[in-house]
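Take a look at the structure below.
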Amino acid sequence: MTALWLIVLCGVLSVVYAIWATSSVLSADAGSPRMQEIAAAVREGAQAYLRRQYTTIGIVGIVIFVLLVYFLGFYVAIGFAIGAILSGAAGFIGMNVSVRANVRTAQAATTSLAGGLELAFKAGAITGMLVAGLALLGVTLYFGFLVYSLKLAPDSRVVVDAMVALGFGASLISIFARLGGGIFTKGADVGGDLVGKVEAGIPEDDPRNPATIADNVGDNVGDCAGMAADLFETYAVTAVATMVLAAIFFAKTPILMSMMTLPLAIGGICIITSIIGTFFVKLGPSQSIMGALYKGLIATGVLSLIGIAVVIYTLIGFGKLDGVDYTGMSLFECGVVGLIVTALIIWITEYYTGTDYRPVKSIAAASVTGHGTNVIQGLAISMEATALPAIVIIAGILVTYSLAGLFGIAIATATMLALAGMIVALDAFGPVTDNAGGIAEMAGLPKEVRKSTDALDAVGNTTKAVTKGYAIGSAGLGALVLFAAYNQDLKFFVADSAHHTYFAGVNPDFSLNNPYVVVGLLFGGLLPYLFGAMGMTAVGRAASAIVEEVRRQFREKPGIMQGTDKPDYGKAVDLLTKAAIKEMIIPSLLPVLSPIVVYFLIYAIAGGGATGKSAAFSAVGAMLLGVIVTGLFVAISMTSGGGAWDNAKKYIEDGHYGGKGSDAHKSAVTGDTVGDPYKDTAGPAVNPMIKITNIVALLLLAILAH
């Protein structure tokens, strides 16, 4: 009981930190009336979009809530609601701070680079701490309520199902937020660039471009609210999956409760280390912004190592554990592996997307010979970028499995995600600096201010790319833990078919000789591609609508280009809001319905009865692995490739290969418009898709067992 209260205290601390940081950000100077006017337009657009998005999700959520009450009971449905509401809240609050911090960052940059950095990072840290804190509070308090208030056994089905449903609630918000936000932001970005930069020849964030405000709104709904929901979900889902595994592996042992609280305790201690880490972010004498941010991340990592050692030692000791053949020490070693995997994935992603390294420079060089060669080189880099992260994840799985079996992999993933607070802070720093640059440009601030905001924005682009790499790596491992939970859960029901009569005579066979397993693998493998295609098509459609709208305004109001007429910014925002909401629903339902359809389809094809059930459970399990395997590669290649295309354009804009306006620059803009939906819509949305498929399969087991 004390352990749970201490974990809750850590969660509360993160919320207190967020409140303190918010008041500190809001007390900063908000700049000139012109700057405030632009910021207000961005804020209104972002709030209007989120209201629509949450209303739509709310309708879908209520339907699922009712179904869960019917199939699995009230407490499971409440778990779903908690996950959904908290995930939505983290994104909503974070974004509301971010749209107020942008103008203050632009104003702070007029005095010093350090001031701009401090404000933008603090705004990002608010979202980060809310994500980690609310996810931890949601899981811990509901688990505590079920176990201590309702007096349910920690490994009872109600508790396990309610925890899985909580993860499902977070997942649902996450896939909608990622996809909807991504369609909005990239529709504006691609559409605005095609007409503004390529046709009209005006620079980025030029106030004459009617899509400018929509582009700045998009940064917030995509990168701030979208990323927050994504990592909230991975955090909650991994904690839940680790708890489910603990409930199965340590069912009849005295350490059951300690093992189930272990992932939560690791999360709790890492919130404290993340909060301490934020105070290390200071601009040093070298004036390296990335260096300042990495100082905070490294401090968090080192402190977390010590914290995790303390947590494991106090909860379960370093010695031999009941019921299994590994020690507490080997679980700590798995935690260390989790931190090493995090560091390596971040470093590899930066290598593939940073302007200082070979991949980005090679795309920039290829732009000299034209649009085609830019796209060819960009695609080559996007494929190459999958190799090293995959090898790191493979090594992580092998080492942790040999140390402590499946539970070791789960603890490594839980440790990886325990740093989510700091990582989301780095990510949410991106849209704040991006918007600050836009506001500085539109308000006509002096050149040296633009220089500061550009420097911050360039780093913001790298942090956004780096955190996407982390989000995918952790999602892949998290999904693997969920697959293990599916497999163990299935074994549990089959072994206990006296109580769960549906599973009588079922004998799932995951060997590769089973044709149903091969069918499942292939079916799972196609899902990320199909899902990615839907996302890309949606962006293409939204961008076309924006291109038409911007051209129409330029045609009907020739005064816009002379600066005598004002563009109608609201029209573009409204158009994108409608498009994004409409386009996000069908793709989001794909991973929700797939496991159910595959199960009943294979059940019917294999002739029903116990044989049909065995075939269907095997096919669904294989499908989950198929989704993880191709999903990982699709997501990494899209996010890293897109990031490299984007930064190749920035590299040329910095004066290489002829600089802005050169032929190489025009080719690089083409590459960037391809890379945009790659890295900000389809790629990141594959993350929640992988996990939803796995969670729905777990819930399907629970429903069939009832």
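Yeah, the Cβs are placed from backbone N, Cα and C, and that goes for glycine too.
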Among D568, D574, D646, which residue does Swiss-Prot annotate as binding Ca(2+) together with D672, D676? D646
Of D434, D454, D457, the one that Swiss-Prot places in the same Mg(2+) 2 site as N216, D219 is D434
Inside 8 A of the center formed by the CB atoms of D646, D672, D676, which other residues of the chain have their CB, for the recorded Ca(2+) site? D189, G642, W645, K649, G671, T673, V674, G675, K679
If contact means at least 3 Cβ pairs within less than 8 Å, sequence distance 6 or more, would you call the transmembrane segment (412-432) and the transmembrane segment (298-318) in contact? yes
Of 164-184, 298-318, 328-348, 465-485, 516-536, whichever stretch has the most CB pairs under 8 A to the transmembrane segment (585-605): 516-536
Candidates D189, D219, D676 (binding-site residues); nearest Cα to R178 (site 'Important for ion transport') turns out to be D219
Pairwise CA distance, D223 (site 'Important for ion transport') versus D672 (Ca(2+) binding site), rounded so that it is a whole Å: 17
Which chain-mates of D646 (Ca(2+) binding site) that are at least 6 residues away have a CB under 8 A from its CB, listed by sequence? T353, N461, A465, D672, G675, D676, K679
Report, in whole Å, the straight Cα-to-Cα distance of D680 (site 'Important for ion transport') from K186 (substrate binding site). 7
